[in-house]
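J.: Here Swiss-Prot flags D486 as active site, 4-aspartylphosphate intermediate. What Swiss-Prot records for 1-11 is compositional bias 'Low complexity'. Here Swiss-Prot flags N532, N569, N737 as N-linked glycosylation site, drawing on sequence analysis. The region 'Disordered' annotation in Swiss-Prot covers 1-32. According to Swiss-Prot, the feature topological domain 'Cytoplasmic' maps to 1-198, 243-338, 397-425, 873-880, 941-1000, 1052-1088, an assignment based on a curator's inference. The feature topological domain 'Extracellular' is assigned by Swiss-Prot to 360-375, 447-851, 902-919, 1022-1030. According to Swiss-Prot, the feature transmembrane segment maps to 199-219, 222-242, 339-359, 376-396, 426-446, 852-872, 881-901, 920-940, 1001-1021, 1031-1051.
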Amino acid sequence: MESASSSLATSGRRRSSSGGGGGSWGSIGSAADPFDIPAKGAPVESLKKWRQAALVLNASRRFRYTLDLKREEQREEVISKIRAQAHVVRAAFRFKEAGQVHVQQKEVAAPPVDGALGFGIKEDQLTALTRDHNYSALQQYGGISGVARMLKTDTEKGISGDDSDLTARRNAFGSNTYPRKKGRSFLAFLWDACKDLTLIILMVAAAVSLALGITTEGIKEGWYDGASIAFAVLLVVVVTATSDYKQSLQFQNLNEEKQNIKLEVVRGGRRISVSIYDLVAGDVVPLKIGDQVPADGILISGHSLSVDESSMTGESKIVHKDQKSPFLMSGCKVADGYGTMLVTAVGINTEWGLLMASISEDSGEETPLQVRLNGVATFIGMVGLSVALAVLVVLLARYFTGHTYNPDGSVQYVKGKMGVGQTIRGIVGIFTVAVTIVVVAVPEGLPLAVTLTLAFSMRKMMRDKALVRRLSACETMGSATTICSDKTGTLTLNQMTVVEAYFGGKKMDPPDNVQVLSASISSLIVEGIAQNTSGSIFEPENGQDPEVTGSPTEKAILSWGLKLGMRFNDTRTKSSILHVFPFNSEKKRGGVAVHLGGSESEVHIHWKGAAEIILDSCKSWLAADGSKHSMTPEKISEFKKFIEDMAASSLRCVAFAYRTYEMVDVPSEDRRADWILPEDDLIMLGIVGIKDPCRPGVKDSVRLCAAAGIKVRMVTGDNLQTARAIALECGILSDPNVSEPVIIEGKAFRALSDLEREEAAEKISVMGRSSPNDKLLLVKALRKRGHVVAVTGDGTNDAPALHEADIGLSMGIQGTEVAKESSDIIILDDNFASVVRVVRWGRSVYANIQKFIQFQLTVNVAALIINVVAAVSSGNVPLNAVQLLWVNLIMDTLGALALATEPPTDHLMQRPPVGRREPLITNVMWRNLIIMALFQVIVLLTLNFRGTSLLQLKNDNQAHADKVKNTFIFNTFVLCQVFNEFNARKPDELNIFKGITGNHLFMAIVAITVVLQALIVEFLGKFTSTTRLTWQLWLVSIGLAFFSWPLAFVGKLIPVPERPLGDFFACCCPGSKQAADAKGDDADHSDV
């Protein structure tokens, strides 16, 4: 279910790290447990292994919403073929061009083109140009400017972008969409539901029963038994298919959201944000590091632009793009630098569009919890099958020895006196009972419950500003023990403004008071701001305020530049950019070399970045009058004092410096791409302090995490003083005087040995001046210590840490596409409070699954014991096939819907994280389950054996008395499940009604179940072998079921040991003990 772009890299990104899901059945299992798979990047062999681990009765039903391994292989084959085809075409053109390298080329006229709805070039010609990387054709069209003219595009201002222009371009060159394979139809889900082996057997039994019933009793009375079983099976099939189909539609919608990338385009001279689907041929698109190339196109201009084309070519090679290699392919990622491109082909006309149209997106996904529950289902299924076979043997033995009786008390089988039809009908009845026991005993609804709760949670999380890219992240988030959060934009508002400035050797007050500076230093500052930026300024012709675009830091600096009197476009035209060193989060600075317009030889190299890092490279500084002075130790101390003062006020400190250079020393244009900009002997211009306010509510969110047993750690590129001030403001630090290792600098952490790093990682609350690699080292150290780590990130260099973490959380607003594709969840509003809401939902997923397990196993145990004991002792079962199918429907589908959609509560954030290797069935669940199951078994078996006298039916004839008694047992059993559903909502809370009015679906399902039960008992007796009950018996039935509530209340007062029950069994059994030890060792040495 990952986004289109990430799906191509799935196979390459597989890895076998990350802790798995833990034991399948309590503590059952070993280090080689096939049902224990990693949460991220599980090897294909592991995924194949668990499917073959044990007897699986209903594979088609069991493996719903798990990874379709065969389809994954087919998808890879399709991708490989399309890549190979593209390779051949491009190789042919390159070979042709290589032969022309030493041939003197004459001026070639542009080939004849036919106008396309008023444009100077046709769709197929434009598509072929970029698809084939045909540089010769580009030159014949007049280069990039010629193609732009044909597309009626201004390379500076873009297209006009009005509705008529966009419509004309879509009509001429297509839209940036591609035909998607339709999702599976409802009929396909119906067919899958029909493949359930036990249901097939029941349908066969229904057909045989129908035929024999009509033969022996006539059509008027003989069709009831067979038809009622068939109808019950059909109902199960329809409800199952409907539920699956609904979940499928939800996942499709979420998949659409994941692919709907927002990007900037230049239209009418201004940068605006549009959906990737709204892109048209002729659009001018700015590109920066981490962006996905949104369509095929040609590079207009770029600086140090490198592109990762591995998603299209399959080769992990970074390709440099310039005027000699200008073709950009849709779907590729910008690895470095920035530039602008002209869109030439969109949608299905691109290689990416063809690729996406050829593969299916909805490939399913494995989640550890799904696999663990499949392990539980397999174990219980084997027990159920064994019991059903035992019941079958016992009933057949009793039948053929004359120990089974008809409702009127007569013997069912008398040797030599029974016809073949009657004998077969009796055997079919017995066989149906045994198969139905399997239906009830095998909890196929467990994996479905995971899908239901995940789909529900994902839909609700969208409203809470979180887009889930990987299903298993939902459940893993519930186990998170630590969150490593960025500062900027996550803990802060990302609304930056320059509030302090130190230029010319003194503080400017206010910070835009340019009058204190000479014209020479002012022009240098403005030149450095305008040229050394990836942002832009649009100046409206009507005199309105300029529109500033770019990253928050760039916008703050550009806005400050405007206050200094900077005219952005004029300043940029006064000098030309020779080379750019894009801002790098490792080096924490960016630079640009510009050739001054009025001089043939003078070059300025401007640097901007972290204040103390720029300061270390400066040998001199400029005074307010423009005079140059050496950087003395006293002056360095003065600068450092100003930096510390700003940092103590939680300001981000950015320094500006420059140096002069000679044009003769600048490398020639063909070698300039490898030029390393000089960063020594710099001249300090000054420092600005940028304020980024702390987000409202962050302190409360951090406090909530602490109460939930989750430690929040701040990892930032800012210096330690700024980091300390923000951490105190956000509540991450409580003591301003803490020292290492609680607050540590990235380089200090980096210098530690592996063992020291692990020990320090436990204590770290704040890491300042950290690089993306430091964040990665912190994540690895924490995971080695057994933590389940969630990490936030927005930059391209954050991708390794996001991928390494148990849960990678990227930012939806400031995050790059590379970061988003390496993440598991996208935080759409970049807000830390949304991260905490994701934790709540993660815990809710796990809690809801446990509620459903408790509820379902109670039904399993009670139904099995009642029918087995009754069958063995009397030869008859109180709950027949149709009744058990109805119970199965309540339990598997309606129960899953009711309990899997419980919204998260504050109670979830008042307990520690759930360990992923903790048993799925806790001691609290065992206690509740045993109490409820015992209560139901005792009550219903008492009714089975003493019901006639207890219900005062002795005066009735035997057949009617038995029918009333069995109906009463069936009715009480179903009502017990209804009342127990309320108990299951709050397994460890006394108030089971808390928040119940907020869950409308739960209330609706309970109401529907009760109404249908009343209809079945009162009006559908012919089909279900029941009879109408008096209102007195209804009251008694409700009273017995109601007793579940006070019993559960008292039961919850019984304390349970903290140690899992499985450990007690392991202590008693040497083999189990070894297995448990092995599992413990595995946990210690895994990446959990």
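Just so you know, glycine gets a Cβ as well, placed from its N, Cα and C.
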J.: Neighbour count first, Cβ atoms within 10 Å, every protein chain included; then name which of N532, N569, N737 tops the list of glycosylation sites.
T.: N532
J.: List only the single closest residue to N532 (N-linked glycosylation site), chosen from the recorded positions D486, N569, N737 by CA-CA distance.
T.: N569
J.: Hey, what's the Cβ neighbour count for D486 (active site, 4-aspartylphosphate intermediate) at 10 Å?
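T.: A 10 Å sphere around the Cβ of D486 (active site, 4-aspartylphosphate intermediate) contains 25 other Cβ atoms.
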J.: Same chain, outside the transmembrane segment (852-872) by at least 6, Cβ under 8 Å from its Cβ: which residues?
T.: 373, 376, 380, 384, 387, 390-391, 394-395, 433, 437, 440-441, 443, 445-446, 449, 453, 878-879, 884, 887, 890-892, 895-896, 899-900, 920-921, 925, 928-929, 932-933, 936-937, 940-941, 944, 969, 973, 976-977, 980-981, 984, 987
J.: Most CB pairs under 8 Å with the transmembrane segment (881-901): which of 339-359, 920-940, 1001-1021, 1031-1051?
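T.: Counting Cβ pairs under 8 Å, the winner is 1001-1021.
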J.: Whole-number Å only: compute the distance from the Cα of N737 (N-linked glycosylation site) to the Cα of D486 (active site, 4-aspartylphosphate intermediate).
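T.: Each residue's Cα considered, N737 (N-linked glycosylation site) and D486 (active site, 4-aspartylphosphate intermediate) end up 22 Å apart.
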J.: Cα-Cα separation of D486 (active site, 4-aspartylphosphate intermediate) and N569 (N-linked glycosylation site), in Å?
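T.: One finds 34 Å between the Cα atoms of these residues.
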J.: Per DSSP, what is the residue count of the topological domain 'Cytoplasmic' (873-880) in each of helix, strand and coil?
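T.: Here the numbers are 2 helix, 0 strand, 6 coil.
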J.: Using Cβ atoms and a strict cutoff of less than 8 Å, what residues sit near the topological domain 'Cytoplasmic' (873-880) while being 6 or more residues removed from its termini?
T.: 395, 398-399, 403-405, 433, 436, 863, 866-867, 887, 940, 943-945, 965-966, 969-970, 973, 1024-1025
J.: Restricting to the topological domain 'Extracellular' (902-919), what is the model's mean pLDDT?
T.: 84
J.: Using Cβ atoms and a strict cutoff of less than 8 Å, what residues sit near the topological domain 'Extracellular' (1022-1030) while being 6 or more residues removed from its termini?
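T.: Contacts with the topological domain 'Extracellular' (1022-1030): 224-225, 227-228, 231-232, 880, 882-883, 886, 960, 963-964, 966-968, 970-971, 1016, 1037.
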